[in-house]
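Now, the feature entries from TrEMBL:
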TRANSMEM  15-36  transmembrane segment
DOMAIN    15-301  domain 'Sugar phosphate transporter'
TRANSMEM  43-63  transmembrane segment
TRANSMEM  83-104  transmembrane segment
TRANSMEM  134-153  transmembrane segment
TRANSMEM  159-182  transmembrane segment
TRANSMEM  194-211  transmembrane segment
TRANSMEM  231-251  transmembrane segment
TRANSMEM  258-279  transmembrane segment
TRANSMEM  285-304  transmembrane segment
Amino acid sequence: MEEGRLCQWSVCRSLLAIVQWWGFNVTVIIINKWIFQKLDFKFPLSVSCVHFITSSFGAYMVIKVLKLKPLIVVDPEDRWKRIFPMSFVFCVNIVLGNVSLRYIPVSFMQTIKSFTPATTVILQWLVWRKYFDWRIWASLIPIVGGILLTSITELSFNMFGFCAALFGCLATSTKTILAESLLHGYKFDSINTVYYMAPFATLILGVPAMLLEGNGIMEWFETHPSPWPALIIIFSSGVLAFCLNFSIFYVIHSTTAVTFNVAGNLKVAVAVLISWMIFKNPISGLNAVGCGITLVGCTFYGYVRHLLSQQPPGTPRTPRTPRNRMEQLLPLVNNNDKLDDKI
């Protein structure tokens, strides 16, 4: 009886964690698109900078003031040798995500972001010469095919936004791969990651944002009919972005890896549906099919990686993948890869 109640509570806790994660994630994406499209605040560098500032403050409050999370101590030397390079890639990743959101619909942007597993595998194979099980390569076929179909049939296609989203995938993959080496020995969670990287990202992006967008923001402030309420929305998006990082920490500790993978792909579908209901961007039938194929491919990819990670050491590998060079497969989502287009 007691075990049954514990099981029910565990299921309820997992569902609550997933729902609140979905809520924060979809809300942040929709608000960012609303800022660019409805508020006519077409300054993605400044929006990213606001998010970095609010996230830096939020992480400081959680760790230093409220002490809800213990601080992971990093050597001062490692902050510049390890954290700063990661922060630069992290900054580029977030900026490219917001730039793409400025030019293309949420549905298209989210579908392209699902290309990240493929870019990660391809980069590791080309640059680091890592070998993968044939099932990993097979699982990438529907992802690539779905992305191609979606791109060809996108009715609101914009080349600049498409390239920004695609290079954002490369930045995400680079960040994931670098984290394996640069952050070796540090077990970062999402809050500590924000605590260390967001201040560096603010320093990196602050000056370019002022130089490239400062005059435009002043002009927007003078011509916009309600600038102060609009600024409240912009800063609120930064607060929600930090809350999203906290919700990620909660959902990771409340669900299994497989559940997290499936929920993450369903989250993309929910974001696409809600964004379409709000912004009414045209979506063709083939475009929707391409998006669906991509999400199914991502789910299959995560399932394959989970199966391979559960194999005992002596399990035979494919003959074309030498055992001594077989990649130690990274989790589909690890503790250093929680911040894609979140802050």
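Here the Cβ of each residue, glycine as well, is placed from N, Cα and C on the backbone.
Nobody curates TrEMBL annotations by hand; they come from automatic prediction.
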Annotated stretches the transmembrane segment (134-153) and the transmembrane segment (194-211) touching (3 or more Cβ pairs under 8 Å): no
Cβ-based contact of the transmembrane segment (231-251) with the transmembrane segment (159-182), 3 or more pairs under 8 Å: no
Mean of the pLDDT scores, which run from 0 to 100, over the domain 'Sugar phosphate transporter' (15-301): 90
Other parts of the chain folded back onto the transmembrane segment (43-63), taken as Cβ under 8 Å at six or more residues beyond its ends: 32, 35-36, 69-71, 91, 94-95, 98-99, 101-102, 191-192, 194-195, 198-199, 201-202, 205-206, 208-209, 212-213, 216-217, 220, 234-235, 237-239, 241-243, 245-246, 343
Same-chain residues near the transmembrane segment (285-304), Cβ under 8 Å, at least 6 residues beyond its ends: 107, 111, 114-115, 117, 133, 135-136, 138-155, 257-258, 261-262, 264-266, 268-269, 272, 332
Region pair the transmembrane segment (258-279) / the transmembrane segment (15-36), three or more CB pairs under 8 Å: yes
